[in-house]
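Written out below as structure tokens is the structure these notes cover.
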Amino acid sequence: MSPQTETKASVGFQAGVKDYKLTYYTPEYETKDTDILAAFRVTPQPGVPPEEAGAAVAAESSTGTWTTVWTDGLTSLDRYKGRCYHIEPVAGEDNQWICYVAYPLDLFEEGSVTNMFTSIVGNVFGFKALRALRLEDLRIPVAYSKTFQGPPHGIQVERDKLNKYGRPLLGCTIKPKLGLSAKNYGRACYECLRGGLDFTKDDENVNSQPFMRWRDRFVFCAEALYKAQAETGEIKGHYLNATAGTCEEMIKRAVFARELGVPIVMHDYITGGFTANTSLAHYCRDNGLLLHIHRAMHAVIDRQKNHGMHFRVLAKALRMSGGDHIHSGTVVGKLEGEREMTLGFVDLLRDDFIEKDRARGIFFTQDWASMPGVIPVASGGIHVWHMPALTEIFGDDSVLQFGGGTLGHPWGNAPGAAANRVALEACVQARNEGRDLAREGNEIIRAACKWSPELAAACEVWKAIKFEFEPVDTIDN
């Protein structure tokens, strides 16, 4: 009898409740290349052994429920069940374990991050037998990742579209984020772009509010970037936020952006949802638009160390769903992000093949095959003094985005943009000459100030600004 038709008629149905570990804890299991693998940080309730807790996670996120049901006999649990195949204690914690779970590929709809997350990070996170549960990492098999389009274009295609090579790209979020009229907003974009930036950006919560409707903003921003392009001879872009209350409205905004001829649109992928994001990514590939992704709401999910989901999982999900840029933290700015951990998921966004490296929080070797990469965006509380560190940490394939660090310049937006561009060019030149940006960064910036009054003014304003707080989410030691 085949596994799909196998039943338990020969032994009969036995009603009742039995321990999850009897069915779902299988330490002898050898994982398959086609399995989706998950690493969960599990904190059981007092008295619940780790084997039972890990098995409960495997069961409740796959085929199991709280009691035996007679319809179990109509399928093959051995074919479809999730399996907790390994458990290890968390260093420095008395009642916390990393439980590894393998899921058969057939549990998931092809090309659907929504379906994958509905199972793996669904109701199991409210399970009473667990005090806390966090998804630390996923291994996406090539057999599954190949069912996704992924980023609309990827890093190399974006470089070619923009004709910009050999350095990080520079951006700026327009501030104040809310309250400007469309014409004043467009003017701010123009000044930043003509001053030397590659991109300006809608803030994540700029959609279509009474003070600035989306269509007006799109028109004035398009005018700004075309004027800046004509003056500078460089291709410019503004991330037009297409996020909307419905998918239909979102696509309508993206269509209008394409009709204006702009190079890039934007989406808030967590608040907007993975289904909407994947739809927009498909539209962007079909119509030649780059897609910038903001991660608003991520910290609600990923900041606490014991419960939720690590951002590296959200980053992998975004690469599958589709986006050409995504905000990734700065390491040195105002937002959460430990250096090694941040670089770990930056590699997961950009590289084709990433080896397991627990020191950087990477639990599994990940092979993306031919899926395009995503450019990480460093944004949040950064200014010209951070430029050497950002250039050294993120490398060329990144966007360094200075909002207040551009618009807060004492002489205005265009001088603020010029200061950032001069600082970046100085750091790239110094790096290419073999200088150590980590050690000589301040010296490099001071030297550049001698021939850039805009940079000198920026350095004076932000010379004492630091954000020195310990990150909440750190690597286990």
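In case you wondered, yes, glycine gets a Cβ from its N, Cα and C as well.
According to Swiss-Prot, the protein has these features:
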- Pro3: N-acetylproline (MOD_RES)
- Asn123, Thr173, Lys177, Arg295, His327, Ser379: substrate binding site (BINDING)
- Lys175: active site, proton acceptor (ACT_SITE)
- Lys201, Asp203, Glu204: Mg(2+) binding site (BINDING)
- Lys201: N6-carboxylysine (MOD_RES)
- His294: active site, proton acceptor (ACT_SITE)
- Lys334: site 'Transition state stabilizer' (SITE)
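Cβ proximity to the Mg(2+) site centre (mean Cβ of Lys201, Asp203, Glu204, cutoff 8 Å) flags the following additional same-chain residues: Thr173, Ile174, Lys177, Asp202, Asn205, Val206, Tyr239, Asn241, Met266, His294. Note on proximity: of the recorded positions Lys201, Asp203, Glu204, His294, the one nearest Lys177 (substrate binding site) is Asp203, by Cα distance. Between the listed binding-site residues, namely Asn123, Thr173, Ser379, the fewest other CB atoms within 10 angstroms of a CB are found at Asn123.
If you take the CA of Lys175 (active site, proton acceptor) and look 10 A around it, the recorded positions you hit from Asn123, Asp203, Glu204, His294, His327 are Asp203. Straight-line distance linking the Cα atoms of Asp203 (Mg(2+) binding site) and His294 (active site, proton acceptor), rounded to a whole number, equals 9 Å. By a simple count of nearby Cβ atoms, those within 10 Å, the most crowded of the recorded positions Lys175, Lys177, Arg295 is Arg295. Ranked by how many other Cβ atoms sit within 10 Å of their Cβ, the binding-site residues Asp203, Glu204 place Asp203 at the bottom.
Close to Lys201 (Mg(2+) binding site), meaning Cα to Cα within 10 A, are the following binding-site residues out of Asn123, Thr173, Arg295, His327, Ser379: Thr173.
Comparing Cβ neighbour counts within 10 Å across the recorded positions Lys201, His294, His327, the minimum falls on His327.
Rounded to a whole number, the C-alpha distance linking Ser379 (substrate binding site) with His294 (active site, proton acceptor) is 10 angstrom. A 10 Å radius around the C-alpha of Glu204 (Mg(2+) binding site) takes in these recorded positions out of Thr173, His294, Arg295, His327, in sequence order: Thr173, His294, Arg295.
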